[in-house]
């Protein structure tokens, strides 16, 4: 008998094929040359689910095969070719060519560029970047504020985000690189919660919500653009400083849209008449002074990124150290108030939301009373002990119920400083089981 062996020849990397594919994109020979050492073989990249999609393109999850080792999880940015000219494709890839040599912990690193042929045999460019577990900073801030179970983000962490961005922008400005699109949406959160500056002009090809087209001028993120850039379309490092100030405001407000109530087409007149972003609620005066310095009318009067980094680091160092090694967790729920006519007994299951049922019950005070009227209770759980802050409708009265303190020797005090959190109509009583003085962070 004759043995038949079927096999598939191993695919080899063909430089000539890559050159032809890049050339078919219609980009310049100079750009083709720049991209040669970052081109990724399409067979090494597998695409997964769509992470984000917009008018002009999408971001997909992917896996990049490594010569040795396990595949690397990546993010892949693509363009919708039917919306773009060859010039815009060249701009898309030019940004990738610019960042390929960046090497800084607070600046995203380009992994490569991949060219894929569509079913119509049209070459489609894809930019491959590291996958960021927590996504972009703006989305993270929004989730922390608006999700069903909001996550408390301490002021120290917010300031650390700002310092990270300042470090990244200091590096870019030292290399005479203009970002021109700095915003919280264009900063990414690594697995260790450090921030890296990203999307050097790539985001406007994919996300269009924050961009505004005026006449025949290309879409611009006008609420982040410096006043001189709006007037004359002139960009300098000091224009990036202006955008950094707006980004600081975004972080301080945990993802709010700048200039609430002001339309895109009204921004220039608003700024021209001396108006600026208002101080966020519960923002430290020192922090607002730093961000305000970024919005001075004369670019030369604005600080450098090196100066901003120093100011922010000093402010961060002046704040009290975190109280525990673990992140502060806040559980917001409603506890019934005392009612003399009710003897209903509530267990812990009715106090702890389902999402937080794995918390140690010993760290949460069990309610000892009930009433149809609810009071908002914020429970701060950390390594050093537990704090209980109660907020009820109206002002406290003399006969108001005072909850039992969690530890012997604890006493009710008035919170006098609230560096982070929502505005409060009145000071709240707080019970602290810690032996030393501390602040209530809401």
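Cβ from N, Cα, C; glycine included.
Because the structure is a prediction, the values reported are computed rather than measured.
Annotated features, as they stand in Swiss-Prot:
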type     : residues                               : note
DOMAIN   : 45-316                                 : domain 'Protein kinase'
BINDING  : 51, 52, 53, 54, 55, 56, 57, 58, 59, 77 : ATP binding site
ACT_SITE : 181                                    : active site, proton acceptor
MOD_RES  : 212                                    : phosphotyrosine
Cα-Cα distance linking residue 181 (active site, proton acceptor) and residue 57 (ATP binding site), given in Å to the nearest integer: 17
For residue 59 (ATP binding site), the number of other Cβ atoms found within 10 Å of its own Cβ: 22
Local Cβ density at residue 57 (ATP binding site) - other Cβ atoms counted within 10 Å: 25
The residue listed as 'active site, proton acceptor': secondary structure state under DSSP, collapsed to three categories: coil
